[in-house]
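Okay, structure first, notes after.
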Amino acid sequence: MPVNWQKVCDYQDIIFEKAEGIGKITINRPEVHNAFRPETLSELIDAFNRCREDPEIGVVILTGAGTKAFCSGGDQRVRGEGGYVDQTGVPRLNALDLQKVIKYLPKPVIAMVAGYAIGGGHVLHVLCDLTIAADNARFGQAGPRVGSFDAGWGATMLARIVGHKKAREIWYLCRQYTAQEAYEMGLVNKVVPLEQLEEETIKWAKELLEKSPTALRFLKAAFNADTDGLAGLQDLAGNATMLFYMTEEGKEGRNAFLEKRKPNFSKFPRLP
Ligand SMILES: CC(C)(COP(=O)(O)OP(=O)(O)OC[C@H]1O[C@@H](n2cnc3c(N)ncnc32)[C@H](O)[C@@H]1OP(=O)(O)O)[C@@H](O)C(=O)NCCC(=O)NCCSC(=O)CCC(=O)c1ccccc1C(=O)O
């Protein structure tokens, strides 16, 4: 059954739609294989933040317009000195800000990849929770060929996923890998014929929507905490605080303060 996507709001470089609990964000610059410029990244960050705020959305799909590319990374035409130059003349590296937003969105993000996922575009799919690839997908890094590198999550998360030897090969040699090769190295979750890509991705999204949102939220935070040191722990701990605020024990502390009495925590069990 096809999903009846409804546009959420207007953007210049992206399309943001939602339906049936799923947010779908599409990089819409097919003339440059969906390369991103600073404005694209600002819009993506805005759309992801809206997904975070929207209680109707439980899963987000990130994709690229057309069948030729998911995303080919930074738009080399606007690369200046010190970053990618926006329309006001300011050089930016705001792909890094988008990476944080995807990684810390407390909802699963699925990369739906047809065609090229290259350079900074490849890093985006690496940071998504899951990747569903069409059989025409091609994956790779391009930095050392074009005088760039992502020595943050772009390198280190990739190594966590495919292992150090393979990650070094991918980054140092800038080769491209087929969808099947990416599947075999654990870089994508499923490969399907191009014409089934959206149907299969929606199937995975709906399966996620049947699961406990709090369980998924904590699992995502735990996977982040494993790699992100104190920042990851801060996020995991924030989720724990959110849950604690929902308990009677948590509420007793607040109520006692507001009622100007001593809190009575004696009724709460000290479980083993
Ligand atoms: C993806 C290709 C291998 C596809 O090749 P092919 O099918 O032959 O198509 P083309 O004819 O090359 O491309 C069609 C059309 O698109 C234009 N185009 C493609 N990619 C880009 C791009 N990245 N920027 C600008 N334009 C692009 C291409 O010129 C064609 O247009 P015409 O008008 O027809 O000429 C191949 O396209 C390819 O290799 N593309 C470039 C890949 C690449 O080098 N990407 C950049 C890597 S570096 C990067 O992404 C860093 C950005 C980043 O995220 C980052 C990292 C670390 C810190 C901070 C940041 C940050 O904030 O940005």
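For all residues, glycine too, the Cβ spot is worked out from N, Cα and C.
In sequence order, ALA35, VAL146 are the residues of the chain that are 6 or more apart from GLN76 (substrate binding site) and have a CB within less than 8 Å of its CB. Under the heading substrate binding site, TrEMBL lists SER72, GLY73, GLY74, ASP75, GLN76, TYR84, TYR116, ALA117, ILE118, GLY119, GLY120, SER148, TYR245, LYS260.
A simple way to gauge crowding: the CB of TYR84 (site 'Important for catalysis') has 25 other CB atoms within 10 angstroms, across all the protein chains here. What TrEMBL lists as site 'Important for catalysis' is TYR84 (among others).
What TrEMBL lists as site 'Important for catalysis' is TYR245 (among others). In sequence order, LYS251 constitute the residues six or more apart from TYR245 (substrate binding site) in its chain with CB-CB distances below 8 Å. Reduced to three states, the DSSP call for TYR245 (substrate binding site) is helix.
For the pair formed by ILE118 (substrate binding site) and TYR84 (site 'Important for catalysis'), distance between Cα atoms is given as 17 Å, rounded to the nearest Å. The binding-site residues close to TYR84 (site 'Important for catalysis'), defined as a CA atom within 10 A of its CA, are GLY74 out of SER72, GLY74, TYR116, GLY120. Around the Cβ of SER72 (substrate binding site), the same chain contributes VAL32, HIS33, ASN34, ALA35, TYR116, ILE118, GLY119, GLY121, each under 8 angstroms and 6 or more positions distant in sequence.
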